[in-house]
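Working notes, beginning with the structure itself.
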């Protein structure tokens, strides 16, 4: 009987081991929840970890200078708010800065006094000239590009990316004209976004379009988590804002001009919401009725920050386990890591956003206890496995 | 068994990784020259030498490469060169027309308008030269923000005589050349930004701080070049060059040809690049004594004034190098109020011109004229790389001097017609010949050409503009001897590009046809349907 028990013993130990492993795995589920909680703590719950921007100017020729200036104004805005060049895809269908007709070589201006040069010295245009086609745009969005396409021309997004897609050019009822030769329709864009959703290529998209009858372009989108806004309704034109007499053509479109003016007041740490941007739309000044489509967007607009789409800063925060509730306001610009009482917690520089009203002490202590428990479990399981292995080898 | 594994483990820990740390040298130089028509040519050259390095053997392409560690050599470009096993690479992005007659030969010979890319690669069975050429084009287009991806088989040729290997030839496999050009390419700040990022000091220190895009792209001619050459005794040399020809007469208030660094570039050099082993500004002094140059104390060396900007010299930085003509009021180039002046002799011994003329949209005549300005006879090579849009008829090729046919002056004629490539495309046609031009004469070559009729989907969006044809290239015949009859050393002469109008269809016709036929079908079907099925019935209307 005793020998029979011994024969059964390896199987029993194996059973015990699997039960142990299952329990260990099952109790680590809160780790996933804690990661999600960490990422969503200080943003408005969008759950994004990186930002991308796709800025398309689809018109060619000198007299469409304003479309180039529109796209470049958005480029400078997203760059200023933190999205790096590697995450921006800029498509300009023509070159106006170094055009022979441009009196101010190497510069593109968006207002009549020519105070601010949008081209600058540090610019990367990913698709230029004849490369701006409907096929390249849809391939870029869906990721179905030729293997020879270089990295800087690909949209390398994942399911935690927020993408800002801006398109400008000449358009009409559910179409946008690319380079006076071909058109992209609202259905094409809707299908491209749906492919992106199926392939988990975005977390949320802000689709902004400035053309004539722009609101029709987003009317056919059917994928979730897309917020869309356009410059004019059906049967309405979008107008340019002003001319510059030395450049000789219109330099900016009305809708984009007012959006950029609103963006001038936004910086990287701004807490302004998308609802503020949409409230600033004034159909009288813009000479057309901008539209908003938010039925596919799951978050409330007044809780959605502008920097969720236009900015590129991910807010990271690490908690040293001391009482920092009272001193959170002093730590705003503190580069040195605060001393921690628990030696095994890694001390990293603390970056706090100015409006943190959190309870770091409670959650910090909870974290420490969780860590402790994890350590205990880890060592216990290693000990048990070690015992089993040594016992088996001893028996053999 | 366990002991052996322990020893192996310890041995692995102790083995250092044999990564090669090569010595790298970085030199920068700026040459400024006042040209005779009042313009100022500036040539920046930034040279990084990776000593002892060699190109990758293309037969080893499938295997893991040795690790590359660079301190000054740009990693992005180095990775591209290793990935495609490139031995020699030349990329130029130019805008404008180089005026050889007044400006002479440029310091960097590649002045063809638009983008020109050529590379020498070793043959290999692992990946073919064409596959690596395609990968190289796309990688460089991503690196330099230029649309080089369109330099595909429609624009690629192998003119090995005109574009030989400038450096040493590796022995591991026979090398092939791929050359392509895109004359309609625009050059702007987005090409300059990655160019500057390849430099060790970027645009923060050294000569590269002068590169102000608003001034550089306002110049009458500007071009940037990337040249990678392997020299067996030194190693891999990367030369980044930027040439511009400014026009101070146009941009200055008083129409003077005086220049200084501040007026040319609107920038000043604040710091010298600490990793540069030599950093200097060389001013090529014009002839005559009526000019003045400040600061006063450069080192002179046969017609050159050299300012040493490296940190070891005692030259004070920031400084503004200026040249001015104190006795001149405003510069008049060849303007005389009384007598018409005879034309000035061109600086270069050869002057070239090229046109396409003709009145119809299907045919034309391509005419190239070469003038020999020197008192000796000159033999040059002539290369024409024509896209398949233009068909050159060889049986109409004529060589004339003053309307007198001189077929003896054209020899060694080689012509490759356009060959069909994959996906229904045609490679360019290549015409190569040796021309012998007697002293002080103009040789005219002409041939009839046909213009292609393209399918309506093959036209670019701005089809009414026409197509750009790359310039013809004249190259010296004996590349080896430097003491030929010509007393100067030149690499290539490019003719200006041409714009040719191809017959364009009426692009609105597909729409018209669809609308018209749909309307007709609707009317016909609707009428017949109504005739057959509509019944008229009397109805009573209740009041």
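Any Cβ shown, glycine's included, is placed from N, Cα and C.
Features as listed in TrEMBL:
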ACT_SITE  A:170  active site
ACT_SITE  A:212  active site, nucleophile
REGION    A:325-347  region 'Disordered'
SIGNAL    A:1-24  signal peptide
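A separation of roughly 6 Å, to the nearest angstrom, links the Cα atoms of residue A:212 (active site, nucleophile) and residue A:170 (active site). Counting only same-chain residues at least 6 apart in sequence, those with a Cβ under 8 Å from the Cβ of residue A:170 (active site) are A:58, A:59, A:64, A:176, A:177, A:211, A:212. For the residue listed as 'active site, nucleophile', the count of additional Cβ atoms within 10 Å of its Cβ stands at 21 [all protein chains shown].
According to DSSP, residue A:170 (active site) is assigned to a strand segment. Residue A:212 (active site, nucleophile) falls outside any helix or strand according to DSSP and counts as coil.
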